[in-house]
Amino acid sequence: MKFLFLILSCLGAAVAFPGGADDDKIVGGYTCPEHSVPYQVSLNSGYHFCGGSLINSQWVLSAAHCYKSRIQVRLGEYNIDVQEDSEVVRSSSVIIRHPKYSSITLNNDIMLIKLASAVEYSADIQPIALPSSCAKAGTECLISGWGNTLSNGYNYPELLQCLNAPILSDQECQEAYPGDITSNMICVGFLEGGKDSCQGDSGGPVVCNGELQGIVSWGIGCALKGYPGVYTKVCNYVDWIQETIAAY
């Protein structure tokens, strides 16, 4: 059974929703070099609860299971516990979940957030490119977030965490989660365990060769042997993203 966990407070309290998955953090990774992931954003509702990716000056891409009716988006962040000179805050003006998102299966776990006003790009705030094609199995990717860093217990970091991990084959993904993987999902990580995203990373980016190929979605536990992280396959949604942005 999958369980989905959303952070409720800075202390790491979480609530489980039936249907599926563990909303993901970084376990077994490393502290990212300062401001080396300028497309990473923090979604806030009085506290950090999910990640996201800046895809142009006024739009952020995240996971549909991170939905709230009002979201504050923080850009240019590195240490989420302090106010930084690089930090820019925007309210959401429109929040759009994929119309076929399922909270039970987590299929189509993707969401667009329009910022109330555009942001100016800087060394600390830059968009990430959408995929020009789907990445192949074996491609090395960068996962980032402020999620839990322990597979047992809680430790939410101040500084942005990074993890380098490969895309697994469709067969490996299906065998890890029989009957749960749709064509809109990819597995990224290590079957031997020890390295993974986890609670608090949900909605955040998986970037491969400079393109946003995945969104942190779900998994069983964090960094457990045989259970890699599962991510929304962004290359399947480029048309929907572009059409939705054009409509608003």
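Cβ from N, Cα, C; glycine included.
Swiss-Prot lists a disulfide bond between CYS173 and one candidate from CYS162, CYS187; that candidate is CYS187.
Candidates considered were CYS162, CYS222; the recorded disulfide partner of CYS198 in Swiss-Prot is CYS222. Sequence-distant neighbours of CYS173 (disulfide bond): residues of the same chain at least 6 apart with a C-beta under 8 Å from its C-beta are ILE181, MET185, ILE186, CYS187, PRO228, VAL230.
With respect to Cβ neighbours within 10 Å, the disulfide-bonded residues CYS66, CYS134 differ, and CYS134 shows the lowest count. The most crowded of the recorded positions listed here (VAL82, CYS162, CYS187, CYS235) is CYS187, judged by how many other CB atoms sit within 10 Å of its own CB.
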